[in-house]
There are 4 protein chains.
Amino acid sequence: MAGNSIGQIFRVTTFGESHGTALGGVVDGVPAGLEITEADLQVDLDRRKPGQSRYTTQRREGDEIKILSGVFEGRTTGTSIGLLIENTDQRSKDYSKIMDVFRPGHGDYTYWHKYGHRDYRGGGRSSARETAIRVAAGGIAKKYLKQVHDIEIHACLSQLGPIKAESFDWSEVENNAFFFPDTSKLEALDEYMRDLKKQGDSVGAKVKVVAKNVPVGLGEPVFDRLDAELAHSLMSINAVKGVEIGDGFDVVEQKGSEHRDELTPEGFASNHAGGVLAGISTGQDIIASIALKPTSSITVPGQSINTSNEPVEMVTKGRHDPCVGIRAIPIAEAMMAITLMDHLLRQRGQNPHVDVPHGPIPGQAK
Amino acid sequence: MAGNSIGQIFRVTTFGESHGTALGGVVDGVPAGLEITEADLQVDLDRRKPGQSRYTTQRREGDEIKILSGVFEGRTTGTSIGLLIENTDQRSKDYSKIMDVFRPGHGDYTYWHKYGHRDYRGGGRSSARETAIRVAAGGIAKKYLKQVHDIEIHACLSQLGPIKAESFDWSEVENNAFFFPDTSKLEALDEYMRDLKKQGDSVGAKVKVVAKNVPVGLGEPVFDRLDAELAHSLMSINAVKGVEIGDGFDVVEQKGSEHRDELTPEGFASNHAGGVLAGISTGQDIIASIALKPTSSITVPGQSINTSNEPVEMVTKGRHDPCVGIRAIPIAEAMMAITLMDHLLRQRGQNPHVDVPHGPIPGQAK
Amino acid sequence: MAGNSIGQIFRVTTFGESHGTALGGVVDGVPAGLEITEADLQVDLDRRKPGQSRYTTQRREGDEIKILSGVFEGRTTGTSIGLLIENTDQRSKDYSKIMDVFRPGHGDYTYWHKYGHRDYRGGGRSSARETAIRVAAGGIAKKYLKQVHDIEIHACLSQLGPIKAESFDWSEVENNAFFFPDTSKLEALDEYMRDLKKQGDSVGAKVKVVAKNVPVGLGEPVFDRLDAELAHSLMSINAVKGVEIGDGFDVVEQKGSEHRDELTPEGFASNHAGGVLAGISTGQDIIASIALKPTSSITVPGQSINTSNEPVEMVTKGRHDPCVGIRAIPIAEAMMAITLMDHLLRQRGQNPHVDVPHGPIPGQAK
Amino acid sequence: MAGNSIGQIFRVTTFGESHGTALGGVVDGVPAGLEITEADLQVDLDRRKPGQSRYTTQRREGDEIKILSGVFEGRTTGTSIGLLIENTDQRSKDYSKIMDVFRPGHGDYTYWHKYGHRDYRGGGRSSARETAIRVAAGGIAKKYLKQVHDIEIHACLSQLGPIKAESFDWSEVENNAFFFPDTSKLEALDEYMRDLKKQGDSVGAKVKVVAKNVPVGLGEPVFDRLDAELAHSLMSINAVKGVEIGDGFDVVEQKGSEHRDELTPEGFASNHAGGVLAGISTGQDIIASIALKPTSSITVPGQSINTSNEPVEMVTKGRHDPCVGIRAIPIAEAMMAITLMDHLLRQRGQNPHVDVPHGPIPGQAK
């Protein structure tokens, strides 16, 4: 229970279901004095928003973020920030047929058993719609990290089904609907997705997320290591089935003489470690990858059961993403940002707050 | 930082300032299947609401609570519950004169130092207006405690300034505007408050809060004792300067032979302990008292300084409660309820959830 | 469950029973570079140790503290510090007669119900013997607070039964076996305790604890206020039934014009608030008081029951303190220190660590 | 800071360095009444212990576990359990040459920067020696899970460098020094390890860990999902660079129609999900895999720097494991057990405690 919070000093708590009134959350622990507007947060929400390209779900949500507290005269006050997004395009009748049926690969079965009943409207709390608030909260963290520490976080799609990025040009990532760094593959991706749509099927993806300019020293051994907490926050994203730091599973076949990052007076000679040694940031780029499963909301018929334990044939209509990895780009960035911000504040405390000009300090107490 | 949450398994997180857009919060860890409506929560909000009698502030707030998530078809789903109260009567211009001045006895000075600036509109986050969401969250806990465990929580004013309750008739508490259990003192209270108003002054109060039917065994030694966590939650209420469990400070002059609660085959012979022994509930009534200071928002002039450290004479106009203890009744109940609920769930887990009728359990996994 | 930890960033976790092999704990979150030795911690352990005067229990424990980790070459390393005290004088046969009996006023009844059985040897985990590790952990916090922030924490007995300190001379507190600040009352105290011993009875006490030089700005609104967390940590001490901050319960009869601490360009004119406003430290002395109940381990016979619910007459022999308040002095200081240290680190982070001279920073990563 | 704890309701806190006096920890939240002995915990410690075969480090440690508290008359009491392992074979002079040098691939560089100095004796806290206490704590969890819920947890080596298990025979895992499930590869493994030793190099590995009989319903959406917390706990093991749940990174190339686990009235038809859907256990086997990097303590010379930022050639002598994956088997089991136990208790609470026969319940309080 009480699983809707993440972070210790910088803490994000969220609520909301896919077809409820609204999504929202509380962002606690933001130092005072940070300039922030709703428009700052809207940028990433728009990158995540459904209906942005023909490769994502056609559900249309304004996803308009409102800041309800914690910001006064354009700056954070140091108190908790309330966030709200009202749901507008719910169409919950789409879901009425499936209220007694467990969709394979979804949380229907587990929610029903855990809670004794379920919100069958589009997955309720288990829907990826919940991640909108993560993106908004991550936007606050990204702003702080950039402004105060010059830390930048970017993610891209590094693989979609069988199609891998073979070159990495970060400057291209925001220029295509796939957030793909290898433009030579864009045509293949488009073709693949068209085929997939015809088949009524979906496919998995791999997302890479990188943070630059992270100072050395973040991460608390031994259980709250930076990599362990990144694994937690990234694995908490819907559909994620694997997390890698640095070379990840490639290390299984590496030798020690190959893997270790040698040191020179000018710095590290390589970054197999992905910027984390013994759970603490090295000052190099933090590099992580995640594997996202193919969504189970597909029109290819499948076997399932209903709540009376009778067999049913299952076809998920509704409006769904054929590859949830695409919209996961800003979500992965947000979760990385939230975890880094939490670790920065554990290390540095909330003082000095972001500089706010003020007059002379009044009479210090005796 | 990140101080806006309370509870471990049943956890309440809040946001909102006295003169911002809205107050809100997230209640996490509520078992699924509890019947709950906005009207259930409105009852205590109305008991706390300003403008209810001539003894409280004349600010008028609808304090209309909205449940934004976590409830579906009238029952909790087991997911986080979003709560919202929109502010309607802010009149923040009342406060523009004091933006550079530290009101004595308020959080102005400490907020300004801690955060580098402050939300000067009526105290911002330090205003008791924040407690409205505590009351709403406590309402959920009270409903659960009553429905599932038959636990009842009631508070009353046991002393206002020099006027003490000498008899305790709980059935009278809700019949008078003071929430006072001794009706023989109502006239004296009325007269005292009229005088106070003429003087432009305020006064302290003592509130007693009692929980009945709490099972034996709640509380986790040694640091998370039930009494220690009650002290935390009750001391977190604005203006509280002291917390007692059972006989409280009277124990200083008691002898061991007088204080110890003897046991008989029929149960305890007395309850000096206030229902907690070695940090664990005994099954008797849980009894706590709190001391609330007189509000510092008074029209009696006082010395203060401004942010340039110059002396100023201070008169707080605006609309304020001459005795904040009166409106603290439902707040004290709410905090007791939140802490007891958290301890119950630590002890019992979220299973069995409140009973929800459902069909046969479908195919258990191999 | 899991109630044996306190603090978020500076966190103390303890274990051990009165008649087990050893007491111990883990102190996590201590910044690196602090000079600390076992002798530093032994000082307060000796102040708390039983058998120090004729007014305390005659049980004799060496209470010799061992540091098992986290300190290297005389300085903290930033990793978790393991602490250990071996029990030497257990004499558990003293307790064999009471294994089926619930001593009134003790945790026997509640532990038995909560856990299904109990460690009947001298209270097991509910014994005040557990506080030895609190004192050791508090010693680390006190050292840090003094060395890095010049914060000093002192406690004294302000009342024992009917005998109140009427003058406060802190310089006398460590010169008498009562830790009493009013030397004019020492003779009366001695006489009172002799009488008590003859009666085989015990008495309550009040302890005052004060922290000097605490910076303005500690405490996290709204639930993790400094005063709320102090209430938690002080109420978690065995036998404590009440906690006051500043004027405490005296505020009930105060008027606002009397209570508010006025501000002048030279600082606050008074300190009714006890150094905390709106949950945040003001920079003044932090002042708290606690009420400790009379121990129930007395030879005056009392009524009780056994585990078969049969009535028994109860006389607690063994070796016990007639006034547990006396030995609570270093415990109260320790809990205040632990809470302040935790709040300082939340505010300031672990950086800068206590200065450790080191060479040039090697090659910063690219 | 304060990163040495894991778990919320079942919480493990550890201390100790590779060459300090002792390793130890506190296991909090164990229900009362569980039969447990030091011998129960010793089993897994012996499986992890160095010097067990020619494939692991020749350091010899007795790794004898002591239970210092929380167990009385052979059963847990419900209070915190203190654990201790004294270090016996430290030979810290082996390390004196490297006190000013940063070993590539180790925590030397990051600890030095984070803490301002470091414990250079064999890695101090960053050494895998710390995991001995994890194994002991995990032993308590494994005992509880097996006894109360019939949950069994087993791990094996699924790949060592280029050599993959192609068949899985769990009954063979404990019969060979590699914990390998495919006996047809044992000879190849032996040969590979001999070559590696000649080269003075090390290699990575993959470990699979499986839990059977986990009930449906564990895991708290959305951030404390079971898979997210498993990722956290498994990634916190030294040298781990990747975590997979179920099919893990294979999902990237899977289609939805292939990945989704269909449901039939007899249960799930497959287990690509690894026993977790939407963050909640399905009742199927929980399956996770981890990638462990090759240790950097090798005799192949490498480039590094010292604390004066001068280049040095690095050869790590001492006694080290050429493949840390082998000894990670019981560690992976322990971390899985700790996380599952924590989730079980969140779901079920500490009641009913493990059955302890006791007499009639004495006089319930009024």
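Even glycines carry a Cβ here, placed using N, Cα and C.
Over all protein chains present, the Cβ of D:R54 (NADP(+) binding site) has 11 other Cβ atoms lying within 10 Å. The feature NADP(+) binding site is assigned by TrEMBL to D:R48, D:R54.
Counted within 10 Å of its Cβ, the other Cβ atoms near D:R125 (FMN binding site) come to 28, all protein chains included. A helical conformation is recorded for D:R125 (FMN binding site) in the three-state DSSP classification. Among the features that TrEMBL reports, FMN binding site is placed at D:R125, D:S126, D:S127, D:N238, D:A239, D:A278, D:K293, D:P294, D:T295, D:S296, D:S297, D:R319.
Chain A lies within reach of D:R125, D:T295, taking the binding-site residues D:R48, D:R54, D:R125, D:S127, D:T295 and requiring a CB-CB distance under 8 A. When secondary structure is read from DSSP and collapsed to three states, D:R48 (NADP(+) binding site) falls in the helix class.
Rounded to a whole number, the distance between the Cα atoms of D:R54 (NADP(+) binding site) and D:K293 (FMN binding site) is 20 Å. Among the binding-site residues D:R48, D:R125, D:A239, D:K293, the ones with a Cβ under 8 Å from a Cβ of chain C are D:R125. Of D:R48, D:R54, D:R125, D:A239, D:K293, D:T295, listed as binding-site residues, none is near chain B by the criterion of a Cβ under 8 Å from one of its Cβ atoms. There are 30 other CB atoms within 10 A of the CB of D:K293 (FMN binding site), with all protein chains counted. For the binding-site residues D:S127, D:T295, D:S297, counting C-beta atoms within 10 A of each C-beta gives the highest total at D:T295. For D:A239 (FMN binding site), the same-chain residues 6+ apart in sequence whose C-beta sits under 8 angstroms from its C-beta are D:A128, D:L292, D:K293, D:T295, D:V324, D:A328. Listed in sequence order, D:D63, D:T131, D:A132, D:V135, D:R327, D:I329, D:P330, D:I331 are the same-chain residues at least 6 apart in sequence whose CB falls under 8 Å from the CB of D:R48 (NADP(+) binding site).
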